[in-house]
Amino acid sequence: RYGHDEESAEEQEETGWKYIHGDVFRFPKNKSLFAACLGSGTQLFALTVFIFVLALIGVFYPYNRGALFTALVVIYALTSGIAGYTATSFYCQLEVRNLLLTGCLFCGPLFLTFCFLNTVAIVYSATAALPFGTIVVIVLIWTLVTSPLLVLGGIAGKNSKNEFQAPCRTKKFPREIPPLPWYRGTLPQMAMAGFLPFSAIYIELYYIFASVWGHNIYTIYSILFIVFIILLIVTAFITIALTYFQLAAEDHEWWWRSFLCGGSTGLFVYAYCLYYYYARSEMSGFMQTSFFFGYMACICYGFFLMLGMVGFRAALLFVRHIYRSIKCE
């Protein structure tokens, strides 16, 4: 009884983020989806790093745009094991299993978008339509390379038997979150989190869009790589700051919030697509419009998953660090 009274007295003295130490490491809702998002985001991050490495060593020639597409397909297939390992190891930590969701989370929307846009190109007899042989090769790569590597990565992740490292013991019943002002909601926080990283890449976006969707040639990959590093740093720090303010307000549901805040830059990039299409480009017609917004939606979705993973990983390291510094019983 004396120990119980002493514990209650200590809890009353604690305020802010220290007060919710018994709930901060409670697993999030929709654990399978969350782990799949982390796995896909990690794979896309690895894909981006490999593409930058190839670009910096001069693999992509200015007039050979097909090399980039080929590299994206091949490297995505080869990095699927990373997604399987990351997702499954996190599945085991969160006590859930759903490897199929990881494989379809990004590929599914991308495949549906490709089928629709390729059908549009065939109807318009456009050269943008991929030949049947190329489609067969892509399907074979997905079947014979991507899927087996995803399964092998999942097996490796399952056998790793990593346990979730939580400095504080989670209480049996979740603590009620106090009423919060509107600006502490998910959408306002996402808007704040996405604006600063987007402002760091805003200038470079125009040149990238003009190269991909226009006739300009982009060759300054070293500058683009520096901008990418700045983007990662700003995303990590802004997510950490917003996570701290969230915990200080005694809101312990930070898992999904940190992922959404980190990935919100992808939404800003898609909003920039609207501006670029109507104010800067000369595209018109149903086919060009559908190609632009369809493929940019897939790219921004991948951007969202990748930066969401970065934001959550940064927030997780921060939360573990600050709760190790206090006495958790």
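In case you wondered, yes, glycine gets a Cβ from its N, Cα and C as well.
Because TrEMBL annotations are produced automatically, they should be read as predictions rather than curated entries.
Owing to the predicted nature of the structure, the values given are computational and were not obtained by experimental measurement.
Listed in TrEMBL for this protein:
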TRANSMEM  33-61  transmembrane segment
TRANSMEM  67-87  transmembrane segment
TRANSMEM  99-124  transmembrane segment
TRANSMEM  130-152  transmembrane segment
TRANSMEM  190-209  transmembrane segment
TRANSMEM  221-247  transmembrane segment
TRANSMEM  259-279  transmembrane segment
TRANSMEM  291-319  transmembrane segment
* Asked: Taking the transmembrane segment (130-152) as reference, which of 67-87, 190-209, 291-319 has the most Cβ pairs under 8 angstroms?
  -> 67-87
* Asked: Out of 67-87, 99-124, 291-319, which stretch touches the transmembrane segment (221-247) the most, going by CB pairs under 8 Å?
  -> 291-319
* Structure fact -> Of the listed stretches 67-87, 190-209, 291-319, the one with the highest count of C-beta pairs below 8 angstroms to the transmembrane segment (99-124) is 291-319
* Structure fact -> Long-range CB partners for the transmembrane segment (190-209) (under 8 A, at least six residues beyond its ends), listed in sequence order, are 216, 218, 223-224, 227, 230-231, 234-235, 238-239, 242, 260-262, 264-269, 272-273, 276, 280-281, 307, 311
